[in-house]
Amino acid sequence: MYISRIILPFEERKGLMGKVATFGGCSLYTGAPYFSAISALRVGADISRIFCPTSAASPIKSYSPELIVHPYLIESDESDNEEKITRIVNECIAKLSAWETRITSCALGPGMGINIAMQCTALDFILKLKERQMPLVLDADGIMLALNWPEIFSSYKNCIITPNFVEFKRLQQKFAPEENVDDSDGFSALVSIYKKLNGPTILRKGKIDTIIDEYGIILVDLEERLESLRMKEKEGKCEKMSKLKGNGRRCGGQGDLLTGTLAAFTFWALKIGKSIDSDNDITDKKKSSSDQSDSSISLIPTLSSQLPIEETIKQRPMLYAAIAACTVVRRAAKKTWTQIGRGMLASDIISNLAPAIDEIMEEEERFEQEAKKE
C-alpha cells in the first residue's frame, strides 16, 4: 500500500493539497521547469508556481495557463564583475523572500543552467528553505550546488537529490573517487556520497531506481511487482517474479516529470506522517538505528515491495514519497508507450500521470483485500 499511503484525500479549500514551487529555467531551457511544474498539478497539487528568469517567462506562460510564472530571477552576463553579480543576486533574493512562506515544497534545478547569478540566488533560497525543513527536490543543474557546496545540505533531512547516471558519476568522482560505478551497481559509492552530504535522501535514477536514506538502500521494484500481480490475476497463472520490460523509450524531460511529481508527494508524505499517532509508529523503536554511524549502512539493498509493514511513513517520509513517485511515473510512461510507441514524448506522458495513480491505487486495494481473505 505504498501509493495509497501518501495520496492525500482532496480537501475543500484550495492550497491544502500543496503549493509547489519550481525554481529553474533559463534563456536556453524552458521545457524542463514546465514539465516539473505541470506534473505537480497533474498528480493533484493545488497550486504550481515557477520562479524563472524573464527570458524564460513568456515561453513558459505560453505552454499552460494553469501555471503561475514569476519572472523574478536574473541571469548575469559573462562580463559582469563581482559587485554587479552581488547586486543582481540581492535583487532576486528580495523578490523571492515574499514567497518563501507561501509554498509547501520546492523542485529546484530543472533547466536552471549554470549561470553564476542563478546559482548564487539558488544557494540563498535553499538556505531559507532548509531553515524551515521544507521539502526540497534537487535535480538537474541544481545538483551542481550539492557538488560544489555539500556543507549546505548537511542535516537537511527533507531534501531529496535525484541524479541520473551522468549526474551520479559527477558526484561519485567528487565524493568517492576510489569507487567504480556503473549503471547497475555503485552501492558503495552511493553510501559514500550519502555520508558526505550528511542529510538528504538520494534517489539514483536508472534502469532500476535506487534510494538511500539513513536506514539503508532500497531498490524500487514496486511497479514490476504490481504489474506481475495484475498479470497473474488477469491470466489466472502462477506468479513469476521476473523483471518486466519498461517503456521502450526514455524521453528527454521524463526526469522533470518525476521531479514535479516528487515535489508534490514529499509534502503529502510529511503531512500524513505528522498526522500519525506517535503511539502507533516505530520511530522511537528505530531511534537507536538512526543514532548509529552512517558506516553501518548495509550495502545489501532491500526491495521496496519487501519493506516491512511496520516501516511507517512518519519515520521515512522522503523514502515513501520517492517510491511512490518512481512507481507512478514509470506506470504513466508504460501506458503512454502502449498508446503511442516510439514517437512518444515527455509531454505525452503528462496526461497519464493521474490515471496511473488511480490504476495503481485500485490494484493495491484489490490485492490487500485478497491478502486478508487468504
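Cβ coordinates are placed from backbone N, Cα and C, and glycine is handled just like the others.
What TrEMBL records for Gly111, Asn164, Phe165, Val166, Glu167, Phe168, Lys169, Arg170, Asp256 is (6S)-NADPHX binding site.
The annotation ATP binding site is assigned in TrEMBL to 205-209, 246-255.
Annotation comment: TrEMBL describes 212-239 as coiled coil.
The annotation domain 'YjeF C-terminal' is assigned in TrEMBL to 1-360.
Sorted by the number of other CB atoms within 10 A, the binding-site residues Lys169, Lys205, Lys207, Arg249 start with Lys207, the lowest.
When the Cα positions of Gly111, Asn164, Phe165, Val166, Glu167, Phe168, Lys169, Arg170, Asp256 are compared pair by pair, the longest gap among these (6S)-NADPHX-binding residues is 19 Å.
Residue with the densest Cβ environment among the binding-site residues Glu167, Asp209, Asp256: Asp256, by other Cβ atoms within 10 Å. Around Gly253 (ATP binding site), the C-beta neighbours below 8 angstroms that are at least 6 residues distant in the chain are Gly31, Ala32, Phe35, Leu345, Ala346, Ser347.
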